[in-house]
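Here is the structure we will look at.
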Amino acid sequence: MATSRAALCAVAVVCVVLAAACAPARAIHVGTPAAALFEEFKRTYGRAYETLAEEQQRLANFERNLELMREHQARNPHAQFGITKFFDLSEAEFAARYLNGAAYFAAAKRHAAQHYRKARADLSAVPDAVDWREKGAVTPVKDQGACGSCWAFSAVGNIEGQWYLAGHELVSLSEQQLVSCDDMNDGCDGGLMLQAFDWLLQNTNGHLHTEDSYPYVSGNGYVPECSNSSELVVGAQIDGHVLIGSSEKAMAAWLAKNGPIAIALDASSFMSYKSGVLTACIGKQLNHGVLLVGYDMTGEVPYWVIKNSWGGDWGEQGYVRVVMGVNACLLSEYPVSAHVRESAAPGTSTSSETPAPRPVMVEQVICFDKNCTQGCRKTLIKANECHKNGGGGASMIKCSPQKVTMCTYSNEFCVGGGLCFETPDGKCAPYFLGSIMNTCHYT
């Protein structure tokens, strides 16, 4: 692979020249608004710089990012911007880590349009709103760290959703397998989602390992050798991929029927994003891979819901909303998806197999005594769906072999770290001062 080739999210070596200093770093420009905010930023994110020169450079970066933040806020009345964990990075550092590779990606987009199968979508009946988080098809937000691996997170997030919607349990899959093993892409130096799908099909028979068996370790920018451990577990299998029509109506129709879509966009407006809907998103070049998980056209400002890979402490618990209908951030330029054969166990054929049963409802019995016999209340709950609670929280209940997992969340989308509790399927278990029995019912 040519070393000079650029790629989506490519990470260049950025040299920030800082003057040497023997004295330890100390607070500078105390009393100015920017300096006060900078001190708060350092406390919040645990920053400590080795020299006074480096601290001065980081403060200068911080001040410049404050200016950019205010510019974005002035252009986006439906969104809120603020100080994020990226604010001590220079524009060059941030772009090199997260926003590089436009020229290569443009060429790759043209190649995809010519050589990949195009999906068709029924445009006659597009729902007003869809959110695949609420239907259990999206894993928790992840963090690529200081590695240009957004392409892997976008591709893996798409496969996770397609695997679930083909009739399987939602499972978190391995980005590290792609970052370390996929030689059609460039690991932390960038890549493309369609090429990730191609590599899986050509080299692993479409198999992707679980995150538990092959966890992500490249958040510091280091890419270890590809693992061939006998302890790796196959979590999903794809059998193809499609290029989705690059109109937003076609994307909405396909997403509503088929699930989350891997897309590329211009993330130049994302550094200081906190919440709300971006209506004036920069759209100059594709530079970042993300996952489109839903949309809502019922309000004053219609918007897309996008899962990012910058951690749950960025944006709306790791998500961003972007206005629909104007190709904001160039988000309709490169929508793609893997394809999963319905109800196939990893590495098997469905030609003569009965589809695996899928949990539909959980019968939950909560009782006052310890044996699930007295003062009991029975409730039927839809499995694998996000259920909003009062006060802005939500809960989800999931079935897996021999156990049931109940999770509560502080947000309405069942994303991020939840408080989870497991019980055996169909068996009584202690629950607070009484007992509980969860029984999964399948189709």
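Keep in mind that glycine also has a Cβ here, set from the backbone N, Cα and C atoms.
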The disulfide recorded in Swiss-Prot for CYS188 goes to which of CYS22, CYS147, CYS281, CYS329? CYS147
If you look at what Swiss-Prot says, which of CYS281, CYS376, CYS386, CYS399 makes a disulfide link with CYS329? CYS281
Could you tell me which of CYS150, CYS226 is bonded to CYS181 by a disulfide, according to Swiss-Prot? CYS226
Swiss-Prot lists as N-linked glycosylation site, out of ASN228, ASN371, residue ASN228
Between HIS288 (active site) and CYS188 (disulfide bond), what C-alpha distance do you get in Å? 13
Look up CYS226 (disulfide bond) in the DSSP assignment and reduce it to helix, strand or coil. coil
Between the recorded positions ASN228, ASN308, where is the Cβ count within 10 Å the lowest? ASN228
Which of the listed recorded positions (CYS147, CYS150, CYS226) has the least company, meaning the fewest other Cβ atoms within 10 Å of its Cβ? CYS226
